[in-house]
Amino acid sequence: MSDKKYNVDEGEIAKFSRIADKWWDKSGEFKTLHDINPLRLDYIDGHADLCGKRVLDVGCGGGILAESMARRGAAFVKGIDMAEQSLETARLHAALNNVADIEYECIRVEDLAEAEPHSFDVVTCMEMMEHVPDPAAIVRACANLVKPDGMVFFSTINKNPKSYLHLIVAAEYLLKFVPKGTHDWKKFIAPAELARMCRQAGLDVADTKGMTYHVLSQTYALCDSTDVNYMFACRPAF
């Protein structure tokens, strides 16, 4: 495998490419991401104050979070992903909705970290690490891309029986919130493991929050439990 393909799961790329035209369908395959986006946007903005910042969204997909951060007042947003079809959807949606100061590129985060080290005020990597072979490499690259006084945000899924029941058995098979095969439980990451990756990459975890889903209102809320979905807010260690 060439360096350009390292840490790229071709099966994951193909999976998301097949449904790339569905990214902005709020009742379709990506409904869960649309439901969770207001919460994660407020969490990021509350810690980092997006207004006037240079922001990188790693694993941006069709641009749901990237575009919302641009609308929130970021001076510049760059979204990167390895699924070109998803990026085409993101570019088209931004253009049709007159969202300025946003660009998308098909590039590995590891390569961008080599080309543009310490160049972003805010780096986000949300609901992405459970789809790659080497999440620790993603964490290291994010740490290398953020400015010394910036912030890095991660969100992913805990690895335990509860997350398996909630996000695979219930979400994929019973309630059909997401397509079958969206998640691979073996790739889920426990908070302690992600914290270890952050420390080894030179990041301090400043805050940890869980996310809980309210079925009736179809909204997410912050909570103290990290049993299923959770987020980290990190700062470069000094």
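From the backbone N, Cα and C atoms, a Cβ is placed for every residue, glycine too.
Binding of S-adenosyl-L-methionine is attributed by Swiss-Prot to ARG40, GLY59, ASP81, and the same site annotation extends, among MET126, MET151, to MET126. Here the binding-site residues are GLY59, ASP81; the one with the fewest Cβ atoms within 10 Å of its Cβ is GLY59.
The record assigns ARG40, GLY59, ASP81, MET126 to the S-adenosyl-L-methionine binding site, and the maximum Cα to Cα distance across that set is 19 Å.
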